[in-house]
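Chemist: Could you have a look at this structure, given as C-alpha cells, before my questions?
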C-alpha cells in the first residue's frame, strides 16, 4: 500500500504543501494515541474553561489544540493558524506561505462515551503583500489548496484532497504510517439516508421542517421511498458516512438562540467539508448558496449546512426556494 507522502508527491503536490500536511498528520497520530489511551492517559472529562464559542472545553480539546498549534507554528511553511479554540489568529515566527484553520477535536462531547471524534483542517495560501491579520483568512472555500479531516474511530483515518481526488488513508498502528486504502472516494448521486439532529425540529425554519417531514413519510409520502436517519453528534463521523456511501448531512438554521442561529463554523468546519464533498462528486450549500462561494466575515462565522449526495441536495434546495430566508 502507498504511504501518504509518496502519494502526495505522485499527485504533484508542492513540497511546501506536503510539509504542512505532514505536520498535521504527525499531530493527528499523537492525538489518536491520546484518544485510544482514554482514561489511562487521564485526559477524559472537562476543564473549567470555555472557548471563544462559549462552549465548555474538554481536556482533549485543549490537548489537541495545543499539539496542532505548536507543531504548525514550528513549520517554516506556515504563516499563521486559526482554531476553534483560539479567540484570534496566532502568528508564526516564520514567514511561511500557508494559513491553516482547524477544529482540533470535532464532536468532543463524544469523548467520554468512547464515540467517534475528529480533526478538521483547511489550508489556504497567504495573500501576497498583505499584513498579518485575521483578514488573511477571510477567503472563500474555493480558495483552499487542501482540506481534510482525521476520523478517530475503530480505525484512525485521514480523508483529504489537494484539489484532485478525495483519498482515504488508514493509520497502520504497527508501522505508525497513514497508508492509502481508498484511491478515489465517490459519493453516489442518490441516497436514502439523512443525518440531522431531530431534537431541534420545533425550532427549524419552514423549508427544512417541510423537507424532513416528507422524508419521514417514506413510501406513503411525496418522495415515494423510505429513508433512514443517522446521527452521530460529530460532523466528522456523519460526513465520513456520506463520503463513504452517500447520504445527506444537514445542520440548519434554528431559532433556539437568536444570537447564535447557526451551529457550524464556516472557515474550519463547513468550508473544508464542502471541498471534500464537492471533490467526491457531491454538493454542499447553506440551503440557498454554494458553501464554497461564501466569504467569511470573521474567522468564527457560523453557517447553515446542507451537503451530500448531489441529487438529494438539489431536492432540499428546492424546498428552500419555496420560502424566504429566515435570516
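Placed from the backbone N, Cα and C atoms, the Cβ positions cover glycine too.
The shown structure was predicted, so the numbers you read here are calculated from the model rather than taken from an experiment.
Residues annotated as Mg(2+) 1 binding site in Swiss-Prot, with sequence analysis given as evidence: 84, 103, 105. Taken from Swiss-Prot, the feature Mg(2+) 2 binding site applies to 103, 106, 269, supported by sequence analysis. Residues annotated as substrate binding site in Swiss-Prot: 106, 107, 108, 109, 197, 263.
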Chemist: Could you give the Cα-Cα distance between residue 107 (substrate binding site) and residue 269 (Mg(2+) 2 binding site), in whole Å?
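Modeler: With distance taken Cα to Cα, residue 269 (Mg(2+) 2 binding site) is 11 Å from residue 107 (substrate binding site).
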Chemist: Which of these binding-site residues is closest to residue 105 (Mg(2+) 1 binding site) if you go by CA atoms: 197, 263, 269?
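Modeler: Comparing Cα positions, the closest of these binding-site residues turns out to be 269.
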Chemist: Within 10 Å of the Cβ of residue 263 (substrate binding site), how many other Cβ atoms can be counted across all chains shown?
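Modeler: There are 21 such Cβ atoms around residue 263 (substrate binding site).
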Chemist: Report the member of 108, 109, 197 (the binding-site residues) whose C-beta atom has the most other C-beta atoms within 10 angstroms.
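Modeler: Going through 108, 109, 197 one by one, the largest Cβ count within 10 Å is at 108.
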Chemist: Write out the long-range same-chain contacts of residue 106 (Mg(2+) 2 binding site), meaning residues 6 or more apart in sequence whose Cβ is under 8 Å from its Cβ.
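Modeler: Result: 117, 118, 119, 120, 149, 234, 235, 236, 269.
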Chemist: Where does residue 107 (substrate binding site) sit by DSSP, helix, strand or coil?
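Modeler: SS state of residue 107 (substrate binding site) = coil.
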Chemist: Quick one: give me the count of other CB atoms within 10 A of the CB of residue 269 (Mg(2+) 2 binding site).
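Modeler: Here the count is 26.
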Chemist: Given residue 84 (Mg(2+) 1 binding site) and residue 197 (substrate binding site), what distance in Å do their CA atoms have, once rounded to a whole number?
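Modeler: Here the two Cα atoms lie 21 Å apart.
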Chemist: What's the CA-CA gap between residue 263 (substrate binding site) and residue 103 (Mg(2+) 1 binding site) in angstrom, rounded?
Modeler: 13
